[in-house]
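Chemist: A single structure is presented below for examination.
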Amino acid sequence: MLLALAQWLQGDASFLRLFTYLTFRAVMATITALGIGLVCGPWVIRKLTQMKVGQAVRKDGPQSHLVKSGTPTMGGVLILIGIAVATLLWGDLTNRFIWIVMLVTFGFGVIGWVDDYRKVVYKDPRGMSSREKYFWQSVIGLFAAVYLAFSVSEANNVRVFDLFMAWVRSGLSMGLPARADLMLPFLKSISYPLGVWGFIVLTYFVIVGASNAVNLTDGLDGLVIMPVVLVGGSLGVFAYVMGSSVYSKYLLFPHIPGAGELLIFCSAMGGAGLAFLWYNTHPAQVFMGDVGALALGGALGTVAVIVRQEIVLFIMGGIFVAETLSVMLQVSWFKYTKKRYGEGRRLLKMAPLHHHFELSGWKETQVVVRFWIITLMLCLFGLSTLKLR
């Protein structure tokens, strides 16, 4: 919004040229989202408390968590407000990637809000049924996947629908340009062509998978938000590189016109996340709930797809991956042993993984900070793929 205003008034005031610089707008988006979160945080927490949207704690979880029962949840709305205002103020609103990321983020946020609402109203820690939640995630994920298959391929925003129709007329067999290939980290001249169907399937699983992985990780005070900020910031760097014809050429990456604007979104997400951490750090005054976790995970997955860094997201989001795998392995092993031996057995003391470490003697703050450190190391490793190719 401010970019369009600055471009309109630039002839009358040359200092407004500053607003056209992507890096300046990214910094301002961070400050704006951070300021909104810090200022509005107490009001949001107070309103959530008045609405009696207290967290229902699992009775089969660690006993130390029982004291958290009643802590306001659905605090993810504070993050989404900061992201929305900062992105709309400082982003280029003609950019197609900004809008698709916002659509996925807030679409998944609505799903999470409904899930949280059911948990609060019916006092059921499980919320929406897995089938219902997965259905709506799939609707949004598939829509985004189909759109991105052609918008990433098209250098300009004017022929996306034409490209889609050309694919239909080709009998759904048309390929995609090299910029839509799956990039392999550390290999500068090798990529895997996906085709339209491959792109759609991969994108769907990345977006939906990232959303659920972040949601599973959200189980301790401050645990998930810092990894989201770190991974989001790292993806913002990739977006800046991919969106620049100069840097992408120098670093031997495909140039994706318009992708650089995602730096604004990632910066807003970082600022909003840090503001939320102010109130979510141990002992938490508010929990983000599914409204925040599902939205942020979907956002990370969508940005990673646009900048063609799905594998790097897998690396940098290693904590999210480990948490998800711990649940999958725990459930699978329990079902297998119950069928084989007549009683279910567990691989871990409890899943997700952070609860296993809690029950192994780690304090909650130890688990959180150590997971942060691991994520920082993984993000630095992921960023190294920019040059080590």
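Any Cβ shown, glycine's included, is placed from N, Cα and C.
Sharing the feature lines straight out of Swiss-Prot:
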- 25-45: transmembrane segment (TRANSMEM)
- 73-93: transmembrane segment (TRANSMEM)
- 97-117: transmembrane segment (TRANSMEM)
- 135-155: transmembrane segment (TRANSMEM)
- 190-210: transmembrane segment (TRANSMEM)
- 222-242: transmembrane segment (TRANSMEM)
- 258-278: transmembrane segment (TRANSMEM)
- 286-306: transmembrane segment (TRANSMEM)
- 311-331: transmembrane segment (TRANSMEM)
- 366-386: transmembrane segment (TRANSMEM)
Chemist: Taking 135-155, 190-210, 222-242, 258-278, 286-306 as candidates, which has the most Cβ pairs under 8 Å with the transmembrane segment (25-45)?
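Modeler: Between the candidates 135-155, 190-210, 222-242, 258-278, 286-306, the best contact partner of the transmembrane segment (25-45) is 258-278.
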Chemist: Look over the recorded stretches 73-93, 97-117, 190-210, 258-278, 286-306 and say which has the most C-beta pairs under 8 A to the transmembrane segment (135-155).
Modeler: 190-210
Chemist: Under 8 Å between C-beta atoms and at least six residues away from its ends: which parts of the chain pack against the transmembrane segment (258-278)?
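Modeler: 22-23, 25-27, 29-38, 41, 75-76, 78-83, 86-87, 90-92, 95-98, 101-102, 157, 222, 225-226, 228-229, 232-233, 235-237, 239-240, 242-244, 286, 288, 292, 296, 299, 303, 306-307.
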Chemist: With pairs closer than 6 in sequence left out, are the transmembrane segment (190-210) and the transmembrane segment (222-242) joined by 3 or more CB pairs under 8 Å?
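Modeler: Contact between the transmembrane segment (190-210) and the transmembrane segment (222-242): absent, because fewer than 3 Cβ pairs are under 8 Å.
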Chemist: Can you tell me which of 73-93, 97-117, 190-210 gets the most C-beta pairs within less than 8 Å of the transmembrane segment (286-306)?
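Modeler: Of the candidates 73-93, 97-117, 190-210, 97-117 scores highest.
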